[in-house]
Ligand SMILES: [Zn+2]
């Protein structure tokens, strides 16, 4: 189980790095191991060249379990997502240009996206003819405050697929790593389209 989860994280890191979505040691990835813990990337390592020695187990309070490694600073947001829904089995956090810029251009609490065929890459969407909403949280260096904000938003209305942190990046998830990767790829495509539309001043 741990070996499989570790390989999934290593493979995801290589792929995400190749897309340019986690530059300069940014981003962090995790997989749920059970009801009580998850495997997550350690702080400060480049995500394109991960090894199993750079991954550690944490409990769902974000505390390391039997490891001297320091978990990623943003571990609390991963474990918060695992606590909020038992349907969350893997979490990917990235720092792409599109998610960083778009989350600054959009000043509201939600990013609304509609009219794109690729919305169907997000589980539960079967048509372009619908609007999807991605929550945007204001950035903070206090991870507990950000996790509390995430919990409050979720209690008000459960979030689907992912959320943006303003000027920072994207958190996305799935019931397993395969779905999380599809959501990441779909959302990044949609963000890139939306950014291009805004750059062109398109109003549709
Ligand atoms: Zn980050």
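Residue 1 is the first one shown; counting continues down the chain.
Cβ coordinates come from backbone N, Cα and C, glycine included.
TrEMBL annotations: computationally assigned, not manually curated.
Quick look at what TrEMBL lists:
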BINDING   93, 95  Zn(2+) binding site
DOMAIN    7-195  domain 'Class II aldolase/adducin N-terminal'
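In this structure, of the binding-site residues 93, 95, the smallest number of CB atoms within 10 A of the CB marks 95. Look at residue 95 (Zn(2+) binding site): DSSP puts it in coil.
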